[in-house]
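The following features are taken from Swiss-Prot:
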- 46-47, Gln124, Glu190, 236-237, 257-261, 267-268, Tyr316, Gly486: NAD(+) binding site (BINDING)
- Cys404: active site (ACT_SITE)
Amino acid sequence: MERIIRAPRGTTLSCKSWQTEAPMRMLMNNLDPEVARDPANLIVYGGTGRAARNWQCFDKIVETLKTLEMDETLLVQSGKPVAVFKTSEWAPRVLIANSNLVPKWANWEYFRELEERGLIMYGQMTAGSWIYIGTQGILQGTYETFYAVAKKYFGGTLKGKWVLTAGLGEMGGAQPLAVTLNDGVVLAVEIDKRMIERRLNTGYLDTWTDNLDEALEMVQKAVKEERPLSVALLANAADVHPELVKRGIIPDIVTDQTAAHDPLTGYVPAGMSFEEALKLRKENPQKYLELVYESVVKHINAILEMQKQGAKVFEYGNNIRRLAYDHGVKDAFNIPGYVPEYIRDLFAEGKGPFRWAALSGNPEDIYKTDKKVLELFPYDDHLRKWIELAQKKVKWQGLPARICWLGQGERAEFGLAINEMVKKGELEAPIVIGRDHHDTGSVASPYRETEAMKDGSDAIADWPILNAMLNVASGATWVSFHHGGGVGIGYSLHAGMVIVADGTDLAHKKLERVLTNDVGLGVVRHADAGYEIAIETAKKHNLRMPMLD
């Protein structure tokens with residue numbers, strides 16, 4: 001019988017404090033059927049990104065958290081609880097390391113050998129670090145990206161423009177709503193009907209069809225009427241994109257969010273159904289991969305042709321360019337990455353995906369914090385628009401949560417305000433505050449977050465390690481360090497942190513340090529690389545950088 005996991009709600013504790021109750025609830029929330037892509041196999045999102053190595057490990061993590069003291073720390077090695085040590089009340093309650101390999105051995109083939117032997121787990125970014133909040137977790141980032149495209153090329157709106165993309169998984173599933181929130185039209189190609197149904201059920205997608213002509217008719221009608229619309233097409237991008245080129249149908253914008261970072265489990269070859277692909281993947285993985293590589297080449301060549309014919313194209317951080325390049329598409333990197341093209345300046349001033357979740361399970365706690373963030377930053381019209389859109393459009397998945405992009409100084413101010421609300425009893429229960437690893441100073445990923453750095457420091461991985469250590473030193477509740485998130489094994493290293501606002505004076509001190517230092521290092525990382533906006537931000541917030549003194 002399949003296990004159904006959901007986080008407890010309310011104020012009754014299963015653990016000895018909220019500092020240990022929080023990681024337990026968020027681990028469980030990652031596996032809520034409303035949240036996780038494949039909870040029966042502990043897979044949360046992003047190909048095979050897991051919350052725990054196996055069910056035995058999951059049970060033992062929960063059991064250990066229930067008995068953990070306020071001066072003890074649980075160590076988790078790739079989803080397996082390996083030790084509890086006496087530390088201090090300032091130390092994190094949980095330290096997590098997922099998927100990390102010595103660089104020479106950091107490739108999918110060797111990783112899978114270790115995974116088969118039960119020695120390692122792919123944690124993606126927020127799957128194995130227990131702070132995934134459903135598709136909303138990437139929604140604002142996707143919204144911001146398409147807004148940046150609109151601002152750069154189309155006068156600040158996507159009205160009357162259409163986007164072609166593929167992949168409606170837990171990350172890509174944000175694309176339809178992000179485009180329509182920017183008043184555009186999107187055709188999203190997806191081969192797995194379950195993913196289309198999931199996006200329809202969560203309100204991220206308007207409609208679907210399995211007929212290309214019908215899909216194009218809907219798209220073209222909406223474009224003509226300047227009416228926002230999202231259409232999913234049950235098909236394969238490697239079949240559809242070349243066909244569009246052949247017909248001379250060129251979108252305004254083209255991107256991709258298939259899970260191409262993991263070609264074996266995240267990409268389906270052209271010319272076959274999803275069910276046929278699953279069968280071949282299991283019976284002959286080598287043949288499967290050969291067909292994937294052929295399909296990726298067709299897929300990227302079609303996007304390159306669309307680019308030549310005027311489409312604005314970008315890779316959305318799934319490493320599909322590298323995959324195509326390795327299999328013969330030598331101009332694959334003519335497609336720019338989305339971070340240097342649209343997001344870098346936000347990162348340079350410390351803005352990134354700040355998120356929080358209501359441990360009570362009560363949506364009112366989130367609505368009250370929504371109100372608070374707007375009170376604190378009344379000058380930010382873009383933030384107000386986002387919160388209002390999110391309240392109208394975003395359905396809860398698991399524990400109620402919110403995401404918004406806040407910068408240096410803002411995160412700490414808001415975190416302290418939340419803690420005060422908990423202290424005064426304005427919220428039913430404590431709030432957990434975290435972020436995606438995809439943030440300003442917590443990732444080294446030369447094909448995504450750190451692509452085309454001004455000083456050429458794309459592959460320098462000291463920064464995410466410093467980020468993890470700094471968050472430990474500052475008092476985060478749990479801290480994680482992962483390998484391979486977003487772009488796949490061998491291509492990224494990244495750190496995450498989560499902190500609990502439980503209304504105590506100790507939490508106040510920790511929040512002030514963690515939410516200042518975590519993002520502060522991101523500003524420092526970009527200032528060190530020579531970005532003027534980061535240097536100005538560092539000076540404005542009195543960040544001490546000896547080499548700039």
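Cβ from N, Cα, C; glycine included.
Known features from Swiss-Prot, placed on the structure.
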residue: Gly46; record: NAD(+) binding site; DSSP (3 states): coil
residue: Gln124; record: NAD(+) binding site; DSSP (3 states): coil
residue: Asn236; record: NAD(+) binding site; DSSP (3 states): coil
residue: Gln257; record: NAD(+) binding site; DSSP (3 states): coil
residue: Val268; record: NAD(+) binding site; DSSP (3 states): coil
residue: Cys404; record: active site; DSSP (3 states): strand
residue: Gly486; record: NAD(+) binding site; DSSP (3 states): coil
### Listed in sequence order, residues with CB under 8 A of Ala259 (NAD(+) binding site) and six or more positions away
Gly46, Gly47, Gly167, Gly169, Met171, Gly172, Thr265, Gly266, Tyr267, Asn318
## Note on the structure
Comparing local Cβ density (other Cβ atoms within 10 Å) for the recorded positions Val268, Cys404 points to Val268
### Message
Tell me the Cα distance separating Cys404 (active site) from Gly486 (NAD(+) binding site), rounded to the nearest angstrom.
### Response
20
### Query
Rounded to an integer, what is the Cα-Cα distance in Å between Gln124 (NAD(+) binding site) and Cys404 (active site)?
21
### Task
Could you measure between His261 (NAD(+) binding site) and Cys404 (active site) for me? Cα positions, answer in whole angstrom.
26
### Query
Does anything in the same chain, at least 6 positions from Gln257 (NAD(+) binding site), have a Cβ under 8 Å from its Cβ, and if so what?
Thr165, Ala166, Gly167, Gly169, Met171, Gly172, Gln175, Tyr316, Asn318
### Message
I'm trying to understand the geometry here, so how far is the Cα atom of the residue listed as 'active site' from the Cα atom of Val268 (NAD(+) binding site), in Å to the nearest whole number?
### Response
33
### Query
Which entry in the list of binding-site residues, Gln124, Asn236, has its Cβ near the fewest other Cβ atoms, using 10 Å as the limit?
Asn236
### binding-site residues (Gly46, Gly486), the one with most neighbouring Cβ atoms at 10 Å
Gly46
